[in-house]
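Comments concern the structure below.
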Amino acid sequence: MTDISSILQGGYQHPVSRAWQSKRQLTKSMLMYPIFISDDPDAEEVMTTLPGQRRWGVNKLENFIGPLVKKGLASVILFGVPMKVQKDPRGTLADDPEGPVILAVKKLRELFPSLFIACDVCLCEYTSHGHCGILHDDGTINTPPSVARIAEVAVNYAKAGAHCVAPSDMMDGRIKAIKQGLIDAGLGNKCTLMSYSAKFASSLYGPFRDAVLSAPSFGDRKCYQLPPTAKGLARRAIQRDTAEGADIIMVKPALPYLDIISDAAQVAADHPIACYQVSGEFAMVHAGARAGVYDLRTMAFETVESMIRAGATIILTYFTPDFLDWLDQ
Ligand SMILES: NCc1[nH]cc(CCC(=O)O)c1CC(=O)O
Ligand SMILES: [Zn+2]
Ligand SMILES: [Zn+2]
């Protein structure tokens, strides 16, 4: 005789009952789409390492984003790609009023009033050395001016109309400085602060660095991004950033760091938890599908559903346009 408590399959025999077995399901409003904005206003440049993604010029945004908004796109996060300009040690062009990010924010606000617009905040796309902060002469991070500069850039994106600023630089103390800067500018109640709190020094950022030309010219980012083994540091960074005024906590990369997502959901239980399925994860899912290891769509769902199961409610992913279609089918 089978013990009644050993029978589980009765609970998931049908697609509807299977859906009831998940606490949360992927919905369109969970998706935030990362897009690359070139300083060439007419660009629609294909990138070989990020399948299907392009560097877009400001003039192309209407035709690119319009159909996605019609399909239910709720939010985007913008990355500036300065292709033509001169970079300097302090990343002066990060908040150039005529630069790609500020122009794109204004344009998108005007074109798509319902779209939630976040801006990634970092200096590495704009610094001559390619690091995320301002450096001492010996090449190490000089924290106070880095934090001041990052906060200045964030406030300028918010002033341009960003609904959310998301610092990915990993400088200590930047959340507090940005929050204070937003408050001082009268934007404390108008702009969401999403912290890349638990951002690890990962091999999975390669395609992104090619896309935005932000690879460091020397060294690596291991003195500011977290060591992949450092569960404790991640928890402390999450605690610190919630205490410093972050509205949303992010974990990045996502799939190899599901335990950190789960920790974040406990440590910051009263905050929305975001995770970033980064460029290398996206490339891996595509590469495996091309090699015949699995079906692309099935695997894309499995990765993102794992993140949701771990505790994420916001997913930054290059699969967003695909999910908007797949979720309709
Ligand atoms: N601060 C830069 C930044 N912002 C987002 C990503 C990664 C995004 C991706 O790989 O998709 C990176 C790369 C890095 O830190 O080197
Ligand atoms: Zn950076
Ligand atoms: Zn960044």
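Using N, Cα and C of the backbone, Cβ positions are placed for all residues, glycine too.
Nobody curates TrEMBL annotations by hand; they come from automatic prediction.
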| query | For the Zn(2+) site that TrEMBL assigns to C122, C124, which of C132, C164 is also named? | reply | C132
| said: Let's check the environment of R209 (5-aminolevulinate 1 binding site): how many other CB atoms sit within 10 Å of its CB? | reply: 17
| note | Cα nearest R221 (5-aminolevulinate 1 binding site) among recorded positions (K252, S279, Y318) -> K252
| query | Can you tell me the three-state DSSP label for R209 (5-aminolevulinate 1 binding site)? | reply | helix
| said: Quick check for you: of the recorded positions C122, C124, C132, K252, which have their Cα within 10 Å of the Cα of S279 (5-aminolevulinate 2 binding site)? | reply: none
| request: Can you figure out which of C124, C132, R209, K252, Y318 (the recorded positions) comes closest in space to K199 (active site, schiff-base intermediate with substrate), comparing Cα atoms? | output: K252
| task | Work out the three-state DSSP category of K252 (active site, schiff-base intermediate with substrate). | result | strand
| request: Check the Cα-Cα distances from C132 (Zn(2+) binding site) to the recorded positions R209, K252, Y318 and tell me which is shortest. | output: R209
